[in-house]
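The next block holds one structure in the form of structure tokens; read it before the comments.
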Amino acid sequence: MLPPIRCFSCGKPLGHLWEEFNERVNKGEDPKKVLDDLGLERYCCRRTLLSAVVVFPVIAKFKKV
């Protein structure tokens, strides 16, 4: 799956927040604090970023048949 571009529920654009969210969480920062700092208040938008799993780099390693 590619990083989320919009919230699946309300449609709010989230793509511009993905890189900062992902970098800060990977550095060990608390996801709740990161989401609060990014200004995401709606639980649907928070869920979209929290549950996103980017598997494209893994899939890209396989050769076409």
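Cβ from N, Cα, C; glycine included.
What Swiss-Prot lists as Zn(2+) binding site is Cys7, Cys10, Cys44, Cys45, and the listing cites sequence analysis.
Taking a C-beta cut-off of under 8 Å and a sequence gap of six or more, Cys7 (Zn(2+) binding site) has these contacts in its own chain: Leu14, Arg42, Cys44, Cys45, Thr48. Around Cys10 (Zn(2+) binding site), the C-beta neighbours below 8 angstroms that are at least 6 residues distant in the chain are Arg42, Cys44, Cys45.
Neighbour counts were taken at the CB atom with a 10 A radius for the binding-site residues Cys44, Cys45; the maximum falls on Cys45.
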